Every structure is written in C-alpha cells, then in structure tokens.
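Read the structure below first, then the notes.
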Amino acid sequence: MTVTLLGATEIRRLAAELDVTPTKKLGQNFVVDANTVRKIVHAAAVQPGERVVEIGPGLGSLTLAILETGAAVTAVEIDHRLAARLPQTAAEHGVPEGALTIVDADALRVTELPGDPTILVANLPYNVSVPVLLHFLETFPTLQRGVVMVQAEVAERIAAKPGSKIYGTPSVKAAWYGPWRLCGTVSRQVFWPVPNVDSLLVGFVRDAEPRGSEDERRRTFQIVDAAFNQRRKMLRQALSGIFGSSSAASEVLESAGVAPTARGEDLTVDDYHRIALVAP
Ligand code: SAM
C-alpha cells in the first residue's frame, strides 16, 4: 500500500477536528506543502528500513513523508491531542501497522526511545530547538546523522565556524558530536500559520568515534559557557572565575597550547576539549 501525504486543506480540517489552534508557546507552525516535507526527507537521505526519530510530529505532515520512504518512525510529541490522533492519520494514509511509534512526551525529558532510531529528522519547535537537539545528541548515541529545520539564525549559528561573529555556544557544543552543514532553505509561506522568521535546514553526521568521555564533555561545555558568557574578554579573564584567577587561567590555557589573549570565538571544539583535559 502506498503512503499518501497530507494536503493543506486536510491539515486545517484535522486541526479544526481536534480543536487545535496552533500556539507560539509550543512552536506550532505546521508545514502544509508536500514538496517541502519531501525535500527535508531527501536532505536526510532516508532509506527504506531505516529507523528515524522525529521530534514534534504535529499533525503528521513530515511524519508521513518519512514513512513514505519505507522507513520506520518513532515520533515524540508533547501535545497530547496531536499525539493521540497520529496513529489514525497514519492508518488513513496507508502507513503499514508497526511502522509508526508515538511517544507522548516532552522531548526535553525523554531518556528512552523505542526502536533505537539511527536518524533524526524534525521540523523543530523553534523556542527549544537547540536544547532539544543537544539533549538528543547527548542522550542517544545511536543517532548517526540527521537533518532538522530551525529558524535561519539558529541554523547559521549551529553551523558557524570559529572566527565568525555568530560563532557561539551552540556552534561549539553541536560540533562536539560531529560536523554540521546548512543543507537547504525553506520559505515561510509553506507554514500554517506563517511564522515571522525564515527557516533553514541544517544537518549533521556523528563522528565515528566519540570525541571524549561524558565527564570530558561536561567539563568542556562548562568552559565553553564561561568563555562565551564574556565573549568580548580575553580568555584569561573570561575563565578566571572557573580557574580561580586570571594567572591560573593563563597557565591552563598555555599548557593546552591556547593563547591566553585569545577570545572564546577564536577556539575550535578541539581547543576547548584540550583545555578541559589539562584543567586541574
Ligand atoms: N512536524 C510538524 C510539521 O512539520 O508540520 C510540526 C512541527 S511544529 C514546528 C513543532 C511541533 O513540536 C509541534 O507539533 C509541537 O506541539 C511540538 N513540540 C513543541 N515542544 C515540544 C517538546 N518539548 N517536545 C515534543 N514536541 C514538542
């Protein structure tokens, strides 16, 4: 049986049936264009038989496009009304039984995922996009790659390289897990309701080997947070709080091979990791 996609009229009809008025609080901007959801799935190169996790399936437009490829989907949705309707929508659109698993929960609190998905595909709720992404990368090492749609500025920050103005904590923390790249633009006209921001697709491939242990990651992220908390200051000052004084910070930085006069935005994730490794 072929999986069919949701159209704009059906999405509005479903929302009316469920008495759902999209809310900003939950970042509810639904994609109402079949080409766009297929474009996201294509960017993620989802293959038949693969296991995908989708965060925030909403009324199911992207979900059905993933299922159309023959992949299996675990979908995590916080809005109970939407989560409860999805199995019926899937059945009505030709999805084989067992291909879709719903987790009715806040993605930020999920610690287990049925089906051990290896790919992340999502049109993320904009207000929590970075925390949700980092939570999933940290909690589910089985996730090998993914493509997510986020607010354009957020995508650019995630994919930013050292030395650029927009390089910040999301860039370094995301890079901990592997390389990221921008992989497509999406017009705001394909959403209902139309948001007042532009969107971009951003994708990652996880490094074959983890960069460091969980303890190293935690210590690295602490240093990253401190460095960008005072991003205009030289690192010896910005890190003086966590190392006790600016001269102690200078010593740590020098033994990590980093100039104490550098600024947080100059360092790669490798530099931050080395600082964490030599820190007392
Ligand atoms: N995937 C659908 C689409 O493309 O049309 C909906 C995307 S909409 C931008 C974001 C979805 O995430 C909404 O369905 C919203 O209810 C859900 N959501 C918001 N916060 C969430 C959270 N913390 N955990 C899980 N889902 C969440």
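Using the three backbone atoms N, Cα and C, a Cβ is placed for every residue, glycine included.
Per TrEMBL, the S-adenosyl-L-methionine site holds Asn29, Val31, Gly56, Asp106, Asn123; the candidate it also names there, chosen from Glu10, Glu77, Glu138, is Glu77.
Under the DSSP three-state reduction, Asn123 (S-adenosyl-L-methionine binding site) is assigned to strand. Least packed by the Cβ count within 10 Å, out of the binding-site residues Glu77, Asp106, is Asp106. In this record, S-adenosyl-L-methionine is bound by Asn29, Val31, Gly56, Glu77, Asp106, Asn123; the longest C-alpha to C-alpha distance in that set is 21 Å.
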